[in-house]
Amino acid sequence: MPSADRLVILDRDGVINQDSDSYVKSLDEFLPYPQAIDAIVRLTKAGWTVTIATNQSGIARDYYDKATLAEMHDELARLVRNAGGEIAHIAVCPHGPDDRCACRKPLPGLLEEIRDALGLEELAGSWMVGDSLRDLEAGAAMGCHNVLVRTGKGTRTLTKHPELAADASATYIFDDLVAFVDWLLRP
Ligand SMILES: [Mg+2]
Ligand SMILES: [Zn+2]
């Protein structure tokens, strides 16, 4: 059974795969970082539940459609499964910034979806991993431990918000997903 203190929620772009300022619009542009799949698999094998919460406003902007997004996520799930891991749930916000939805991070709607999909009472004590401030804001709203990785927009986020680095108890900072997983699974 999933439990919040054994749950990791990953942002997608810039955490699992290379981000692009012109959006990740096709399966060809979906490029997982080296060892990122392996890191997810290691979490699963160590008894952690792995989920994804991803803003995909490129759908609202008509840069790609839901079928193309499903191709990317099928491929991701396949890569993880073939290596012996599992992604328990992928929560997607397909809306744009002006759609007034309840799911686009920094709002916590995607995390609420994950909580409900896993049958959890709350997400307090779980781990939210992102490369943007909005990921951390969504995580904080749900009582998650917050992790910022330097990949993707992470370095930019730290430059814009140096206060994040000043309070190590509020935000854990790692070079990438692999370094976070190494730390989380440390003996
Ligand atoms: Mg991101
Ligand atoms: Zn939304």
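Glycine is no exception: its Cβ is also placed from the backbone N, Cα and C atoms.
Any TrEMBL annotation is an automated prediction that lacks curation.
Predicted, not measured: the structure shown is a model, and the values here were computed from it.
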Residue from Asp98, Asp99, Asp116, Asp131 that TrEMBL also lists as binding Mg(2+) with Asp11, Asp13: Asp131
Candidates Thr54, Cys93, His95, Cys103, Arg104, Lys105, namely the recorded positions, that fall within 10 Å of Asp13 (Mg(2+) binding site) by Cα distance: Thr54
Of Asp11, Asp13, Thr54, Cys93, Lys105, Asp131, recorded positions neighbouring ligand 2, Cβ under 6 A: Cys93
Cβ-based neighbourhood (8 Å from the centroid) of the Zn(2+) site, residues Cys93, His95, Cys101, Cys103 excluded: Asn55, Pro94, Asp99, Ala102, Arg104, Leu107, Gly109, Leu110
Separation of alpha carbons, Thr54 (site 'Stabilizes the phosphoryl group') and Cys103 (Zn(2+) binding site) (Å): 10
Neighbours of His95 (Zn(2+) binding site) among the recorded positions Asp11, Thr54, Arg104, Asp131 (Cα to Cα, within 10 Å): Arg104
Contacting recorded positions for ligand 1, chosen from Asp11, Asp13, Cys103, Arg104, Asp131 when the Cβ sits under 6 angstroms of any of its atoms: Asp11, Asp13, Asp131
